Amino acid sequence: MKAKLLVLLCALSATDADTICIGYHANNSTDTVDTVLEKNVTVTHSVNLLEDSHNGKLCRLKGIAPLQLGKCSIAGWILGNPECESLFSKKSWSYIAETPNSENGTCYPGYFADYEELREQLSSVSSFERFEIFPKERSWPKHNVTRGVTASCSHKGKSSFYRNLLWLTEKNGSYPNLSKSYVNNKEKEVLVLWGVHHPSNIEDQKTIYRKENAYVSVVSSNYNRRFTPEIAKRPKVRGQEGRINYYWTLLEPGDTIIFEANGNLIAPWYAFALSRGFGSGIITSNASMDECDTKCQTPQGAINSSLPFQNVHPVTIGECPKYVRSTKLRMVTGLRNIPSIQSRGLFGAIAGFIEGGWTGMIDGWYGYHHQNEQGSGYAADQKSTQNAINGITNKVNSVIEKMNTQFTAVGKEFNKLEKRMENLNKKVDDGFLDIWTYNAELLVLLENERTLDFHDSNVKNLYEKVKSQLKNNAKEIGNGCFEFYHKCNNECMESVKNGTYDYPKYSEESKLNREKIDGVKLESMGVYQILAIYSTVASSLCLLVSLGAISFWMCSNGSLQCRICI
């Protein structure tokens with residue numbers, strides 16, 4: 001019996017068999033991704049698809065400087081507010097930057113007709129030619145062109161007026177009827193602006209225009225309107241009780257525009273031949289101009305990124321990532337990062353892909369760890385790793401290419417009377433934005449799930465490849481490991497890794513060792529049966545002796561009486 005127990009203990013203590021394990025790479029990465037089924041999965045490698053940073057500056061767009069209006073609004077710039085004179089030298093720009101609260105707009109109070117539409121038109125203009133449509137000195141010989149100034153449009157402390165308009169007044173006590181036309185020979189659209197003066201009282205009307213009733217008529221192929229001055233007292237704005245209403249039209253190449261009036265005309269002086277450019281726009285921003293270049297400009301600042309999505313601002317100009325409301329869009333490229341606990345032993349927690357990855361394997365995603373008499377070591381499976389890298393890289397590039405539709409997204413212009421339309425437009429835009437955000441997030445979740453499943457499948461395939469080679473020359477011991485029934489030196493280990501393992505060569509040795517182990521198991525089973533019987537009998541005897549002793553003690557002290565009746 002003692003000899004049999006000794007054999008059993010010796011057999012159980014033998015743990016020096018050669019072993020090979022299949023596992024995967026792990027590192028100290030803290031990157032986390034979300035999948036359809038899980039959140040915050042730690043992975044070895046990932047790529048960010050969402051840009052959330054900017055430089056806080058206005059930059060040149062593709063090397064072309066923007067038109068920074070400074071303290072001027074679009075209206076002040078295009079009408080020629082004297083305080084905006086420094087902007088007249090700007091002939092071309094990449095985009096127009098306007099501050100939220102521009103001081104210099106329409107210096108003489110009044111209504112600017114279709115102002116939001118004009119802004120929309122100018123948002124697609126990248127350059128223009130400013131030219132005299134009606135030269136000041138020779139176009140109006142019967143009218144005064146110098147006295148039409150006002151303190152509300154002062155410049156350097158003196159009364160002045162818009163630099164692109166002429167306020168025609170009476171000359172030598174009369175204001176003759178006028179008729180002036182212009183033919184567009186610029187081969188481009190020409191922007192023409194004019195105004196109609198509405199005095200606050202009849203005395204001003206007579207003093208300036210020498211008549212009580214007046215009209216202004218403007219006609220072209222696409223525009224036909226007749227204006228009648230409205231003489232009325234109004235609240236003072238910028239010191240004025242009168243008003244000037246401002247109007248504009250786009251004159252097509254070859255078209256003619258005709259002005260007729262007998263008073264109250266604020267005549268065009270300069271007009272603009274427009275050149276439209278793709279990617280231009282108007283942004284409202286407090287950011288300052290800087291010496292920098294970018295491909296994408298937002299009101300918050302410039303974005304220099306090739307990522308497909310951004311959450312900086314919905315208004316963009318240039319080649320910009322698509323705006324989404326997401327706070328995180330990270331796509332996994334590596335594996336689940338579950339580093340094994342080194343202290344639990346080589347073939348314990350770090351044995352394979354079931355319990356964790358290997359931080360010691362740094363030259364590939366999947367691979368092997370072996371242990372034999374010659375030592376131990378890691379080796380990556382380069383073929384499966386490279387195939388996985390190629391597949392995932394192509395997928396990531398494809399996703400970025402499909403979603404990376406870069407474009408300009410500018411805000412739409414609405415006036416105060418179009419509030420319901422603006423609110424409806426915002427709801428529609430919000431709906432599209434929600435769809436874009438949902439699609440982007442769902443795409444990333446699905447692709448992350450597929451990538452992690454892909455890695456799991458690759459590890460399993462590598463495991464099955466080894467298992468199919470070894471067959472019954474080794475046994476599975478869990479954790480992705482196999483224990484050989486034969487000695488396997490480094491050459492043998494290498495053959496398993498590269499798929500050239502010679503099964504017949506090791507079959508006989510494996511068979512003998514397998515039978516020896518099976519014999520020990522059978523003998524051990526017999527020993528266990530004897531031990532079980534012995535233990536049962538010994539336990540029963542101990543129980544009977546204990547019961548007898550208790551009964552004798554109870555009878556001796558009278559606690560238990562035994563009567564035998566015959």
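Cβ atoms are placed via backbone N, Cα and C, with glycine included.
For C59-C292 (among others), the entry in Swiss-Prot reads disulfide bond, with the evidence type sequence analysis. Non-local contacts of C59 (disulfide bond) by the CB criterion (under 8 A, 6+ apart in sequence, same chain) comprise M289, D290, C292, D293, T294, Q297, A302.
The Cβ of C72 (disulfide bond) has N81, E83, C84, L87, S102, E103, N104, G105 as same-chain neighbours under 8 Å, each 6 or more residues away in sequence. Secondary structure at C72 (disulfide bond), as computed by DSSP, is strand. Summarising the annotation, Swiss-Prot assigns disulfide bond to C72-C84 (among others).
Annotation source Swiss-Prot lists disulfide bond at C107-C153 (among others). Every protein chain shown contributes to the tally, and the Cβ of C107 (disulfide bond) ends up with 25 other Cβ atoms within 10 Å. In the three-state DSSP classification, C107 (disulfide bond) falls within coil.
Packing around C296 (disulfide bond) is summarised by its Cβ count: 23 other Cβ atoms lie within 10 angstroms of its Cβ, all protein chains included. Taken from Swiss-Prot, the feature disulfide bond covers C296-C320 (among others), and the record attributes it to sequence analysis.
Per Swiss-Prot, disulfide bond is recorded for C488-C492 (among others), and the stated evidence type is sequence analysis. All protein chains shown were included, and the count of other CB atoms within 10 Å of the CB of C488 (disulfide bond) stands at 27. According to its DSSP assignment, C488 (disulfide bond) is coil.
If you look up Swiss-Prot, you'll see N27 (among others) marked as N-linked glycosylation site. Taking the Cβ of N27 (N-linked glycosylation site) as centre and 10 Å as the limit, one finds 18 other Cβ atoms among all the protein chains shown. Taken residue by residue with DSSP, N27 (N-linked glycosylation site) is part of neither helix nor strand, so it is coil.
The Cβ of N28 (N-linked glycosylation site) lies under 8 Å from the Cβ of P339, T359, each of which sits 6+ residues away along the same chain. Under the heading N-linked glycosylation site, Swiss-Prot lists N28 (among others).
The N-linked glycosylation site annotation in Swiss-Prot covers N40 (among others). In the three-state DSSP scheme, N40 (N-linked glycosylation site) is classed as coil. Proximity of N40 (N-linked glycosylation site) to non-local residues of its own chain (separation of 6 or more, Cβ distance below 8 Å) is seen for T32, V33, D34, given in sequence order.
The N-linked glycosylation site feature in Swiss-Prot is assigned to N104 (among others).
N144 (N-linked glycosylation site): 16 other CB atoms within 10 A of its CB, across all protein chains. The N-linked glycosylation site annotation in Swiss-Prot covers N144 (among others), and the record cites sequence analysis as its basis.
If you look up Swiss-Prot, you'll see N172 (among others) marked as N-linked glycosylation site. Within 10 Å of the C-beta of N172 (N-linked glycosylation site) we count 9 further C-beta atoms, all protein chains included. Secondary structure at N172 (N-linked glycosylation site), as computed by DSSP, is coil.
If you look up Swiss-Prot, you'll see N177 (among others) marked as N-linked glycosylation site, on the strength of sequence analysis. Taken residue by residue with DSSP, N177 (N-linked glycosylation site) is part of neither helix nor strand, so it is coil.
Less than 8 angstroms from the CB of N286 (N-linked glycosylation site) sit T99, P100, each of them six or more residues away in the same chain. For N286 (among others), the entry in Swiss-Prot reads N-linked glycosylation site, with the evidence type sequence analysis.
The N-linked glycosylation site annotation in Swiss-Prot covers N304 (among others) and is backed by sequence analysis. The Cβ of N304 (N-linked glycosylation site) lies under 8 Å from the Cβ of N55, T294, K295, C296, each on the same chain and at least six residues away in sequence.
In this chain, no residue six or more apart from N498 (N-linked glycosylation site) has a CB-CB distance below 8 Å. N498 (N-linked glycosylation site) falls within a helix when secondary structure is assigned with DSSP. Summarising the annotation, Swiss-Prot assigns N-linked glycosylation site to N498 (among others) and lists sequence analysis as the type of evidence.
The S-palmitoyl cysteine annotation in Swiss-Prot covers C555 (among others) and rests on sequence analysis.
Comparing Cα positions, C320 (disulfide bond) lies closest to N27 out of the recorded positions N27, N177, C488, C492.
A coil conformation is recorded for N286 (N-linked glycosylation site) in the three-state DSSP classification, outside any helix or strand.
When the glycosylation sites N104, N177 are compared by the number of other CB atoms within 10 angstroms of each CB, N177 has the fewest. C153 (disulfide bond) has N144 as its nearest neighbour among the recorded positions N27, N144, N172, N177, C492, going by CA to CA distance.
C492 (disulfide bond) has N27 as its nearest neighbour among the recorded positions N27, C107, N144, N172, going by CA to CA distance. Taking the Cβ of C153 (disulfide bond) as centre and 10 Å as the limit, one finds 23 other Cβ atoms among all the protein chains shown. The recorded positions recorded for this entry are C107, N144, N172, N177, C488, and the Cα of C488 lies nearest to that of N27 (N-linked glycosylation site).
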